[in-house]
């Protein structure tokens with residue numbers, strides 16, 4: 001069996017007047033993430049990791065922020081399409097390990113919900129999706145609550 005590893009990263013600025021979506025679920029928060037799509041940094045990092053593992057470039061290549069059809073798109077659609085893209089190359093998702101870096105809102109209570117959504121979209125077991133949350137202890141742009149970042153590592157396998 002052939003396996004490959006990918007790494008992804010994304011960051012978006014926090015602004016007023018936008019909804020906050022993380023891991024495919026909506027959070028009630030006074031700020032949301034600015035972006036061409038719904039700006040779900042966790043899903044974007046996972047997409048980049050999957051595409052990188054399959055040597056298929058990155059999310060901006062497949063879903064450019066200059067394309068009108070992706071304006072305000074639900075990132076869950078992007079993840080489902082990314083899984084289809086790697087499947088067309090003969091790969092399936094093995095597992096995901098991801099971290100969201102944000103001071104607020106506190107994410108711990110909703111991590112299981114994110115795991116369920118992500119597992120469903122990637123057609124894998126929920127036990128194969130790890131989502132963690134951390135802060136930067138008030139340091140940097142994340143600590144000043146100017147933005148949220150996410151990191152993801154994935155393993156993909158040649159489909160049999």
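Yeah, the Cβs are placed from backbone N, Cα and C, and that goes for glycine too.
According to Swiss-Prot, the protein has these features:
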- 10, 12, 44: divalent metal cation binding site (BINDING)
- 10, 11, 12, 36, 37, 58, 59, 60, 134, 135, 136, 137, 141, 144: 4-CDP-2-C-methyl-D-erythritol 2-phosphate binding site (BINDING)
- 36: site 'Transition state stabilizer' (SITE)
- 135: site 'Transition state stabilizer' (SITE)
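Secondary structure at residue 44 (divalent metal cation binding site), as computed by DSSP, is helix. Here the Cα atom of residue 136 (4-CDP-2-C-methyl-D-erythritol 2-phosphate binding site) is found 16 Å from that of residue 10 (divalent metal cation binding site). The shortest Cα-Cα distance from residue 44 (divalent metal cation binding site) to any of the recorded positions (36, 59, 135, 141) is found for 59. Taking the Cα of residue 10 (divalent metal cation binding site) as the reference point, the closest of the recorded positions 36, 37, 59, 134, 135 is 59. The two recorded residues, residue 37 (4-CDP-2-C-methyl-D-erythritol 2-phosphate binding site) and residue 12 (divalent metal cation binding site), have Cα atoms 11 Å apart. The CA atom of residue 59 (4-CDP-2-C-methyl-D-erythritol 2-phosphate binding site) is located 12 Å away from the CA atom of residue 36 (site 'Transition state stabilizer'). Recorded residues residue 141 (4-CDP-2-C-methyl-D-erythritol 2-phosphate binding site) and residue 12 (divalent metal cation binding site) have their alpha carbons 10 Å apart, per Cα-Cα distance. The two recorded residues, residue 134 (4-CDP-2-C-methyl-D-erythritol 2-phosphate binding site) and residue 12 (divalent metal cation binding site), show a Cα separation of 16 Å. Neighbour counts were taken as the number of other C-beta atoms within 10 angstroms of each residue's C-beta; across the recorded positions 12, 36, 44, the minimum falls on 36. When other Cβ atoms within 10 Å of the Cβ of residue 10 (divalent metal cation binding site) are tallied across all protein chains shown, the result is 24. Residue 135 (site 'Transition state stabilizer') sits 25 Å from residue 36 (site 'Transition state stabilizer'), counting Cα to Cα.
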